[in-house]
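The structure appears below as structure tokens.
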Amino acid sequence: MTSTTSDQKAVSCALMAKPQRQRLVSKDGRSLMQGNAPGSRETWFGAMRDMWGTWLALRWRWVVLAFCGSFLLHWLLFAVLWYLLARVNGDLDVLDHDSPPPGHVLCVKHVTGFTAAFSFALETQLTIGYGTMYPNADCPTAIALLALQMLLGLMLEAFITGAFVAKFSRPQKHCGGILFSPQAVVCEVRGQRCLMFRVCNLLPRPLVDVCVSAVLYEEHDDHELHQTAIEFSVDNLGSRPCPLFLSPLTFYHPLTPSSPLNNAPNTKHFELVVFLTASQESTGSGYHKRTSYLHDEIQYGSCFTKVTSQHGKGQSKAKSMRYFDTQPCPLTLPNTHTRDALEKEHVVVQINGEGSERVE
């Protein structure tokens, strides 16, 4: 039995010939890598050793819960200490704190129960100002406990405030307005086949010094993950950063014979991870965004449609997605690596010694 391949199949995309695999990086840039699953004890120890990183990695709902819980626990702890101090000193047995018995020194005026002790701990931490309840300067233990609560309270407030500022200023979190095209395309640009993707800026302010880098992750026969750097450029800037992010920008990588992507179809699994870094012109704060493209997210023989209007302020995400529309783009140049890949998928069969036919 013999068959011949059509012209369309001869130029079919070898990058799309592999089955779906689990990706390393999600489309929105989240890392999906999972290491060895340690026990609960090792997990807790690791979190305690890197408390700052663990705090920043928490979701906002847990951060707010931890914020409220830490202050409540702090107030509750010192409420217990103030209550124990009043009980040990005998202040709870004094009926009239305005006229204590002769020779009895009150540590805290009008702390007659646990509720009053909790209110006093709250006033001390928040520096609301003492009213009828206030520490007695003649009680050294009360002054020492007051100093301890203030020191620990200031440390807690500094940590909480710094963590909130750090979470707000994380480069990955304030660049939600930077969008990557869901699909990459392979088309011909100035007489050369190129792999291209597009980036759109929805932020109300321009970005400067835009740099794009990419890493090709390949799974070889030895089941090891190999990494190869892929260079992308915009227009004729080469490896230099783009000085101004005017939406949208189209980055391309020439599929030359030396390109690592030429050997990607021969691997078990590959994923192209793209990293974008930029800075804000007014403040200099950094922006970091990343995404990934699998084999089935690369459109072979397509190109992005031309942009007819510039991106304006206040434009919605749905309207800006039209910048990622693609259209068919016939490929006329030979594709060496695709032909080689196709030849490996076919065998040559002799028919009565006359010529040969390719069969799958």
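Glycine is no exception: its Cβ is also placed from the backbone N, Cα and C atoms.
Sequence annotations record features per position, and here TrEMBL assigns domain 'Potassium channel inwardly rectifying transmembrane' to 26-171. Among the features that TrEMBL reports, transmembrane segment is placed at 62-85, 142-166. Annotation comment: TrEMBL describes 178-330 as domain 'Inward rectifier potassium channel C-terminal'.
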Segment-level pLDDT (mean, integer) for the domain 'Inward rectifier potassium channel C-terminal' (178-330): 82
Counts of helix, strand and coil residues, the domain 'Potassium channel inwardly rectifying transmembrane' (26-171), according to DSSP: 92 helix, 3 strand, 51 coil
